Amino acid sequence: MILLRYDVLTVALLTITSVQAFWSSNQWDASRIRLRQFDLTQSSDNFYRINDAVDGPNETITDETTEYRLPTSVVPDRYVITLIPNLDDGNFTFIGAVEITLNVTNATNSITVHANDLEIDDESVSVHRLIDEVDLVVLGLSPDTGRHFFTVTVSEGLVVGQQYRLRISYTGHLREDMGGFYRSYYYVGTEKRWLASTQFQPTNARRAFPCFDEPGLKAIFKVSIGVDFGRHALANMPVESIDVDAESGIVWHHFQETPMPISTYLIAFVVSDFSNLSSSDGFYSTWQREAAVGQAQYSIEVTPRLMRALEAYTGQEYFLPKLDQVAVPDFDAGAMENWGLITYREQLILYVEGVSRAMDKQNVATIIAHELAHKWFGNLVSPKWWKYLWLNEGFATFFEYFTTASVETSWRLDHQFVPYAVQSALSSDSLQSSHPMTVDVGSPNEISAIFSTVSYSKAGSVIRMIEHCLTPETFRQGISQYVANHGNQTSEPDYLFRALQEQYENEVESPEFDVKTVLDTWSTQKGYPVITVSRNYSQGQTIVRQERFLRNMSESPTDTRDYKWWVPLTY
């Protein structure tokens, strides 16, 4: 998901020489970088003395994160979802049914899933044991609206290692708040045209179908959507077959099963009468209002170029059979990286040569690059939990600049990274209210709160910093190995740090620093240091000190932690 950026107001703190010296160099000489957690004293003969190194603190937003996590005794293996949205009678509801094939990891007699704003048909709920095709007796249904839990209790224990199938039928509401499965519209003349779209990240898939709505609980998906004549449906995968119910007139779109497990927040579908513009090979399509088809020309041209650049960088090909991009009239998130079906706010993917601003064209390219980068960082390799959101958004922010810079070279986007990403991170992270990149979260509100400048711009800036420390090629190879090792799986920061460290040790005979030691200080504590350099010419010494920078340095810190960071110094 893109975090929309606006023009950055340069504030006084960003001009501090010592901070700029640390953050803003575009071309660092990696052979002259040293990383230390200090007070550090350098003598004239390059001797380093390190005093009082202190491990950085881990910080949390909440101490009650586990209460919002699903039990782990039962996990999903496969979903079969059937949906019929009603856009024409004024009620704006949808009918749904879900079958979830379950794996049992610990003995239990209950199954807990997420469900929110859904009216579940209690009589439809069933649990079927697959090994002998037996339906278990359902003893009780327990909704927990505060945590969005729905628990099914059965008469006998579920056996570890066996599979079961949970079936639930329900109805939902196509709301107008641009979350979950929601409705939107546009006008053709005076005629109002309705459509339905989705936005599930981070915790709104549960408003479209009962599910295990956590990023680490990936599963296979098979989706069918029934629509009225005159509309069509899009989903993550291509259409496998279309048939018409002769009695109701509903046109059924049955989509191919996903070839790999997917997190629930990356499932998407759109029901509309949109028209498409496709690439010559048919692989890429952009869908929009009929009147806006011509405005999709640039996006359909630049998307394959950006995709090829990312494939070359990561060493991993995008392996879904298609990529649709949809311009949605009402879309709060800006853009969303759903597997095979990226959704955008209209003005962030449509561009009119000679009418739109040059900056609009740049925004289209960088936002597409951001969403495409998620195909590897977030989609293919997903976070175990939302506390690691920065693994998604930090890399997407990094690549939105540097991938686009390799495709649209005249824009010099690699040079724009500092004023837009780095300086916005410095501004936000100088507040007492900032948070660490890795931060414990539990409730949906807490999760939504960390879709912030820290998770996007600071994380991207820290990624750029370690790229310079390792050298770009060592970093690239380490990232390629990270993606290869954890593709179609879940990840946490230590997996990334390990891949980078291994590549660093392969390239350098005597490594000068440990990647995890360095990056833990940046990812597990909030803020950043202001660096003070003092020269003693008579003794031939340079004294380098750090302290946490606060926008209002006169105010007392809200905590008394002794913050220390490992900092790369160039000289």
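Note that Cβ sites are derived from N, Cα and C of the backbone, with glycine treated the same way.
As written in TrEMBL, here are the features:
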- E371: active site, proton acceptor (ACT_SITE)
- H370, H374, E393: Zn(2+) binding site (BINDING)
- 75-266: domain 'Aminopeptidase N-like N-terminal' (DOMAIN)
- 298-522: domain 'Peptidase M1 membrane alanine aminopeptidase' (DOMAIN)
- Y456: site 'Transition state stabilizer' (SITE)
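Shown on the structure are the features that TrEMBL records.
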| residue | record | DSSP class |
| --- | --- | --- |
| H370 | Zn(2+) binding site | helix |
| E393 | Zn(2+) binding site | helix |
| Y456 | site 'Transition state stabilizer' | helix |
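Residue environment of the residue listed as 'active site, proton acceptor' contains 29 other Cβ atoms, counted within 10 Å of its Cβ in all protein chains. Residue environment of H370 (Zn(2+) binding site) contains 27 other Cβ atoms, counted within 10 Å of its Cβ in all protein chains. Neighbouring residues of the recorded Zn(2+) site, listed in sequence order and excluding H370, H374, E393, comprise M1, I2, E337, E371, A373, F377, G378, N392, F395, A396, T397, F399, E400, Y456 (Cβ within 8 Å of the Cβ centroid). Spacing of Y456 (site 'Transition state stabilizer') relative to E393 (Zn(2+) binding site) is 5 Å (Cα to Cα, whole number). The Cβ of H374 (Zn(2+) binding site) has 25 neighbouring Cβ atoms from other residues within 10 Å, across all protein chains displayed.
Over the domain 'Aminopeptidase N-like N-terminal' (75-266) the predicted model carries a mean pLDDT of 98.
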